[in-house]
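As recorded in TrEMBL, the features of this protein are as follows:
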DOMAIN    4-68  domain 'J'
DOMAIN    128-210  domain 'CR-type'
REPEAT    141-148  repeat 'CXXCXGXG motif'
REPEAT    158-165  repeat 'CXXCXGXG motif'
REPEAT    184-191  repeat 'CXXCXGXG motif'
REPEAT    198-205  repeat 'CXXCXGXG motif'
ZN_FING   128-210  zinc finger
Ligand SMILES: [Zn+2]
Ligand SMILES: [Zn+2]
């Protein structure tokens, strides 16, 4: 069947040479490979170029007017050198392969991961907890089920970029004219447009919504750790598969315990009598049980008492860290006469006297040893 060369250029059979050239230029501005790098545009341009050639040649135009096709076998360009193939090759030679190498990105995109932060108490971190969280992410549009269309109709090829997803522009620079490529402003790089966008999601295929989820936080979790919830992140453009949701856990400070890895540190304030004679005291551990701490006689200020296995449970493993009590010894400030007399008796019978400390005998990492090390360097 003969091609409709008039129809290709959008002119009628009485069109003058000027009208044909004008129609050709108008279409070329849209489909020229410099403007539009897509494969379809290259074919379309080949078509309009051929149509102009035919209609501007009185002999070929006469064949068209008789209902024939001058580009078919026997035509000026030889067998088979009609649309597409023949001219396409020419364009590839001129324009370095045309725009075929560039592909528009798929309208259906995988969704992004989402991050959410939640804080829990140290007690909750100790025992593990199921935490209710509210997630604000993109979810599949209920109305169009991700198609982005109000009706059943499929997306159509973008008219601006011819489906390439990008447009090329000639820009003048000090190097001369430079061809730049940028995302098509009409279809935003997808190469196709939805003609009847869904009223709910405006064609995105997804909408923002809040969802309530339950996060299972395991015992032993520490601040900054993230729990991954597969496919609970954002639904992608065009209803694409959802990313993952990460819940970052922040453990709140505890009034008694300071956590370091899996160890739980606490301070004990021990009167000097108890430090000298020894005592026992109990503390509520994070399991809600009373734990007895033995302060042995002769405990010095700054001494630590270790309770193995009384710390935080190891995350997804057996065992637990230690509880470590740091002893602070208090000295009475207001003494009754009796107390004073008793202490004086004690002092009289005691061989130890106050003396100047010999720093070289010092051990530990307190203020003085830090200062000493500093001066040694
Ligand atoms: Zn929708
Ligand atoms: Zn486009």
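From the backbone N, Cα and C atoms, a Cβ is placed for every residue, glycine too.
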Local confidence of the repeat 'CXXCXGXG motif' (184-191) - pLDDT mean:
91
Hey, which bits of the same chain come close to the repeat 'CXXCXGXG motif' (198-205), Cβ under 8 Å, at least six residues off its ends?
108, 140-144, 146-150, 235, 237-240
Restricting to the same chain and to residues at least six past its boundaries, which positions have a Cβ under 8 Å from a Cβ of the repeat 'CXXCXGXG motif' (158-165)?
30-31, 36-41, 44, 99, 102-105, 183-187, 189-193
